[in-house]
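A.B. asks: After the structure tokens below, expect a handful of questions from me.
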Amino acid sequence: MRQGQQRSLLFVPGTRTDRIAKALASGADIVVVDLEDAVALEEKATARKALEQYLNSTPGVSFIVRINAEVGNEEQDFQQDLALCTKFPAITGVMLPKTETPEQIARASASGKPIWPLIETAQGLISLPKIAASTGVERLVFGALDMAVDLNLEPGSSGAETVLDHCRHQLILHSRAHSLPSPIESVTPEINDLSKVEIAAKKAVEMGFSGMLSIHPKQVLAIHNAFTPDDKTLHWARCILEEAKVRGGAFQFEGQMVDAPVLSRARAVLARANN
């Protein structure tokens with residue numbers, strides 16, 4: 001299992017390998033080179049060649065790659081993307097878009113790399129129990145934008161968010177039920193108003209996500225601010241755990257009953273801060 005924080009995953013277009021160095025220096029916890037949505041159909045082969053040239057000439061880097069889906073016109077690109085991922089140790093994971101079956105994960109796992117299934121269709125959500133149980137899965141990822149299209153939701157509406165939150169709950173539940181790390185939240189397309197990014201990231205924290213996809217280096221700090229416990233929360237966690245050493249069992253602290261679940265939460269807060 002991958003070590004260290006995974007609060008922010010920053011996409012870089014596969015056609016812009018000149019931006020990989022900037023992305024790696026952005027402070028993002030993980031960089032994701034994107035061979036799927038960020039690359040036009042006629043540029044897929046060019047993007048693979050550019051990435052191969054970059055990896056051959058740039059030692060000491062590591063990132064994961066979002067490959068093309070194993071559907072329709074993308075199937076040939078799926079196979080060639082997998083071959084590229086298999087070849088280079090610097091590629092440390094495969095993000096698999098439109099994951100809908102455990103068989104897709106098995107085929108992607110032939111690369112020898114951990115798989116990050118993107119759940120972004122109704123069929124993917126229905127198959128989530130089997131997907132989460134599949135060998136080779138490292139962490140589930142939510143694709144809200146594609147899910148909204150697949151479900152014919154009205155973008156930005158309260159009704160759409162209600163449905164998408166139901167989808168999010170499923171990723172949280174099945175990650176926990178199958179002993180996976182907490183999942184990764186979808187991108188927020190807002191680039192200039194970073195307060196919206198931080199609001200979305202804080203909601204993701206509250207729902208139980210452990211990180212968030214990002215599409216621009218400017219979003220990274222806002223995401224980190226949301227996923228890193230603030231000083232007040234850290235102080236609370238430290239005080240609770242110190243008090244527990246002295247008092248043991250259940251006790252009251254600042255008007256709150258403290259028992260095993262509260263202590264577990266305090267430990268989780270410190271773990272998030274120390275990772």
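Cβ atoms here come from the backbone N, Cα and C positions, even for glycine.
Unlike curated entries, TrEMBL annotations are predicted automatically.
Pulled from TrEMBL, these are the listed features:
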type: BINDING; residues: Arg66, Glu120; note: substrate binding site
type: BINDING; residues: Glu120, Asp146; note: Mg(2+) binding site
type: DOMAIN; residues: 7-217; note: domain 'HpcH/HpaI aldolase/citrate lyase'
A.B. asks: Just checking, which of Glu120, Asp146 (binding-site residues) has the fewest C-beta atoms within 10 Å of its C-beta?
C.D. replies: Asp146
A.B. asks: Determine, from DSSP, whether Arg66 (substrate binding site) sits in helix, strand or coil.
C.D. replies: strand
A.B. asks: Expressed to the nearest Å, what is the distance separating Asp146 (Mg(2+) binding site) and Glu120 (substrate binding site) at their Cα atoms?
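C.D. replies: Between the Cα atoms of Asp146 (Mg(2+) binding site) and Glu120 (substrate binding site), the distance comes to 5 Å.
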